[in-house]
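> Feature table excerpt (Swiss-Prot):
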| type | residues | note |
| --- | --- | --- |
| ACT_SITE | ASP122 | active site, charge relay system |
| ACT_SITE | HIS179 | active site, charge relay system |
| ACT_SITE | SER512 | active site, charge relay system |
| DOMAIN | 92-581 | domain 'Peptidase S8' |
| CARBOHYD | ASN108 | N-linked glycosylation site |
| CARBOHYD | ASN143 | N-linked glycosylation site |
| CARBOHYD | ASN326 | N-linked glycosylation site |
| CARBOHYD | ASN355 | N-linked glycosylation site |
| CARBOHYD | ASN497 | N-linked glycosylation site |
| CARBOHYD | ASN669 | N-linked glycosylation site |
| SIGNAL | 1-19 | signal peptide |
Amino acid sequence: MTRALILVAICLMLTLNNAAETKVHIVYLGEKQHDDPDSVTESHHQMLWSILGSKEAAHDSMTPWLLSFRSQTNQFPSESTLRFYELQTTRTWDYLQHTSKHPKNILNQTNMGDQLIIGVVDSVTLNWFGFILLKQEYGQSLNHSVTMVLDQYQNVGKEVQLGHAENPEYISPRDFDGHGTHVAATAAGSFVPDTNYLGLGRGTARGGAPRARIAMYKACWHLVTGATTCSAADLVKAIDEAIHDGVDVLSISNGFSVPLFPEVDTQDGVAVGAFHAVAKGIPVVCAGGNAGPSSQTISNTAPWIITVAATTQDRSFPTFITLGNNVTVVGQALYQGPDIDFTELVYPEDSGASNETFYGVCEDLAKNPAHIIEEKIVLCFTKSTSYSTMIQAASDVVKLDGYGVIVARNPGHQLSPCFGFPCLAVDYELGTDILFYIRSTRSPVAKIQPTRTLVGLPVATKVATFSSRGPNSISPAILKPDIAAPGVNILAATSPNDTFYDKGFAMKSGTSMSAPVVAGIVALLKSVHPHWSPAAIRSAIVTTAWRTDPSGEPIFADGSNRKLADPFDYGGGVVNSEKAANPGLVYDMGVKDYILYLCSVGYTDSSITGLVSKKTVCANPKPSVLDLNLPSITIPNLAKEVTITRTVTNVGPVGSVYKPVIEAPMGVNVTVTPSTLVFNAYTRKLSFKVRVLTNHIVNTGYYFGSLTWTDSVHNVVIPVSVRTQIMQRYYDEN
């Protein structure tokens, strides 16, 4: 078959309304009609000439912003204003039991990913020729490199929309802020012994597939404001190049906040690009976003994407605070300076004995008189969820000649090193204990010890506060996130420009960090099972995930109120690479299933045709979105009894026999027929029906359960989430 070509013209349209405004449009022109590039360009000019009215206007509107997309699609003409995305920012693999200690485990089966190619769309990496030069300058500290097969950059969309503003970014594939380097090293970094960050977290750093190759596509750019942005056009182009280059897996650690765009809209460049990648058999792993813990904040929600939440791991950085009454409080920090011996401890507050005003809120410490802070350890409280609050509080105390700061805040946020200054985090409970001690004595004092590294018990696993949560705001019947992985204080390589750079490494937190963990594992699964579809691989990791942490304890979800985690926090659970390699059954899907999904949720025939490059006419009546063959069941509006169909494919022993185990959501009846699935050499696929009936008589929130198919060896678990809605489309706030 002749490879088709999407021709995407990035056109400059000037809207004359007092001032000229530059806009960017992605125009899909369908299959290429000419092999000669000059003929192709001339056909674009002819089209624009007919629209704009003159040959000169057509030429000016397109030059030089022309991108040729090479993936096999056949789009109807459409256009959309450019959308920008945000980047979603050593112990991990041991915690996940993803090691090479057993001779038959997935790392050894795949030779640690040798010959695999993981495509990373990000800010690229410190490698290739730029890496060689930097290594000469900075020595061996950059050894946590990845094996690069190519790197490219796309910045047409960014340049057109934002212009070539003065900023420190490299207009080349070289990484500026370290985000892409960190992501690539997490997915496929080589073994680097005796790695640490400020002396903490010491061990051997490596990626999930340490011998895999990385193909980097730079579509994200550091701006003069300090932010990093990724244009939709650059993302689509980068994904298209990755498809053309033949990557095995794509890892994309960016997204945007609600409200989300429809999956068929080119403004959702990730969803559109990912669809074409998945159609070519390339799994796409995406960060779920950092807008948690609020519900309905999950991004990258298309059902063909593997969407990843972030958890902590069984490692912490305890820092001991000893009060003058010999009570020791254990905070968290990244402090590796000297001991701070017993020093005056203060909480700035009005006592009524002074005409001065004092401020105990962390954001207002700089407003305090200098003598209140000078040569003291300061306690403050904040409601902020940003790690930058700790940095700012430390900076303010330093300027006022203080000796340290203890920040009381909601738990679950990223730690900051505060550049060698002792800044410690405690929760409100411990902060209140310290405050009561201060108020109980005329001469409160405290001493601070350097941070230690604690690994294993009793450190528990939690879904990170920042990790975006479901349910899915576009299609509530599609469970998102799909899976969770460690994404808090992940130690990996970075750029020297990284604010938190330390000898080539940094600790970063975000779903940006958890997504490449899963991407590395997905690459290995594709090596073990090269004929599995992206949907089968997604099913394998969802149905075999840990729903307790590796020590067997329940997983909690951090937030304003810590609670037991549910599928909207972590999808199927925490990824388990060994079990995913041998799941027993998979819930498989292909492009036809995704087209049925698009029809079921009400997209028009023309918009679906534009996405899938194939004329599509949806059936009437529409199929049910509940029947999409996902490894989950999510019913957002149950009022009457519904029956749902799923199909499983046996990828285990030929003669397997499975029976269901049902854990029904509270107040909901769930039955499965047939009650046994019997596979043989001629029957690899079997369907079953799930009947769901609510006993509730009022609108409820979601209740959770599970459906497990078991053959006594494999336990194939899918989450079940049900919300009763007697009154449909009802916003419940009473």
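Quick reminder: no glycine exception, Cβ is built from N, Cα and C everywhere.
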> Given the glycosylation sites ASN108, ASN326, ASN669, which one has the fewest other C-beta atoms within 10 angstroms of its C-beta?
ASN326
> To the nearest whole angstrom, what is the C-alpha distance linking HIS179 (active site, charge relay system) and ASP122 (active site, charge relay system)?
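The separation of the Cα atoms works out to 7 Å.
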> How many Å lie between the Cα of ASN108 (N-linked glycosylation site) and the Cα of ASP122 (active site, charge relay system)?
29
> Measuring CA to CA, name the entry from the recorded positions ASN326, ASN497, SER512, ASN669 that ends up nearest ASP122 (active site, charge relay system).
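It is SER512, whose Cα lies nearest.
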> Starting from each candidate's C-beta and looking 10 angstroms out, tell me which of the recorded positions ASP122, ASN497, SER512 has the most other C-beta atoms.
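Sorting the candidates by Cβ neighbours within 10 Å, the top entry is SER512.
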> I'd like the Cβ neighbour count for HIS179 (active site, charge relay system), meaning other Cβ atoms within 10 Å of its Cβ, all protein chains included.
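So the number of other Cβ atoms within 10 Å of HIS179 (active site, charge relay system) is 29.
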> How many Å separate the Cα atoms of SER512 (active site, charge relay system) and ASN669 (N-linked glycosylation site)?
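Rounded to a whole number, the Cα-Cα distance is 38 Å.
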> How big is the gap, in Å, between the Cα of ASN326 (N-linked glycosylation site) and that of ASN497 (N-linked glycosylation site), rounded to a whole number?
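ASN497 (N-linked glycosylation site) has its Cα 42 Å from the Cα of ASN326 (N-linked glycosylation site).
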> In which DSSP state, out of helix, strand and coil, do we find ASN669 (N-linked glycosylation site)?
strand
> Taking all residues of the domain 'Peptidase S8' (92-581) together, what is their mean pLDDT?
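Average per-residue pLDDT within the domain 'Peptidase S8' (92-581): 84.
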